[in-house]
Amino acid sequence: MNAFGSQKKPTGPLIVGLTGQTGAGKSTVTEAFAEKGFVVIDCDALTRELQTRPEVLSMLSQAYGPQILKEDGSLDRRMLAAIAFSEPKQTEKLGSLMFPPIKAEIDVQIKLAEASGKKNILLDAPTLFESGLDKICTRKISVIAAEDVRRERIIRRDGITEEEAVRRMSAQHPDAWYTVRSDFVLRNNGTREELLEAGRNLAAQMVKAPNQDGKTAIVALVSIVLVIAVISGVYMLAYRAIYPQDYQETAAAYAETTGLSEYFLMALGHEAAPESEAEFAGNLSVLTALMPGADERSLAAAYYAGPETAAQWLADPSVSPDGVNFSQIPDEAAAAFADQVAQTATVYENLYG
């Protein structure tokens, strides 16, 4: 925890949750992440394996009737799908039945990956948000596509009728449901190669970031994705939900009195995450009095370190030759925080400028 109370995230594996609509292209994105060295946990594959187990087959037959079983006692997947995707309530029912055994298997696979030294994990989960699996993920990606595009893909992929494809699609959520819950959204109305390349780029950017703090990668990627966001209002709304103007009043007031960028101040509040705007204003009051005229990077580092440590740095000529700004930041975490705030400020300027 830093001097002003912001929590530092614990170290651990980078777990990326991948979800999206049927027919949108999740398997292609999974392929891209696997190419970049991610351990892939395929929840569909886990489900298929689990549904061969006697105890799971018994549970499903009790819930949906013996018609979901073939003569040899194995699962008739097409029959189960016809029932489970007939309406949202049935889809939710299947999810609630399968989630406990799936979650137990996921926990085992994550531990096995960690034990083998693997730090980057992709969790391919069609019901990522509905099941609550998003809560174990560092970052979340959704893949979406236009309805007509998805319909044709499903018919071609699964060998079903148009009516069946439409019924499956109607049981799923609209685009906006995914965009407001995700850190990243890939819209796949183009070719497979285009989506594959987008997935590779996204995976590469995530791997570059420190696993213990996903915000660095999120900010860098959002800065790129916002080029697309300008085109689509849905994307813009999604990222404004991730980066709200929680401290706008304080940021505007201090921007006027100090000459600091309002976007920088909003970013500082977003990254520091004080419990209230009043707390944020109080912290800024202390620091701007201690460091009048300081540049944004120095002020961000001081916010992280706290006023006592900042005062010591200011008194050290090797750290602060002018007694106002830091020519170097002695603490690595404070320096990383300052860099993160600068990146987030760019996002705020793109979103609200």
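Backbone N, Cα and C atoms are what each Cβ position is placed from, and that goes for glycine too.
A sphere of 10 angstroms centred on the C-beta of K26 (ATP binding site) encloses 25 other C-beta atoms. For G23, A24, G25, K26, S27, T28, the entry in TrEMBL reads ATP binding site.
Residues annotated as transmembrane segment in TrEMBL: 217-238.
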_8 Å Cβ shell about G23, A24, G25, K26, S27, T28 centroid, ATP site members excluded_ = G20, V29, V143, A145, R153, N188, L195
*Where does G23 (ATP binding site) sit by DSSP, helix, strand or coil?*
coil
*Return the single residue from the binding-site residues list (S27, T28) that has the minimum number of other CB atoms within 10 Å.*
S27
*asked:* I'd like the number of other C-beta atoms within 10 A of the C-beta of A24 (ATP binding site), please.
replied: 27
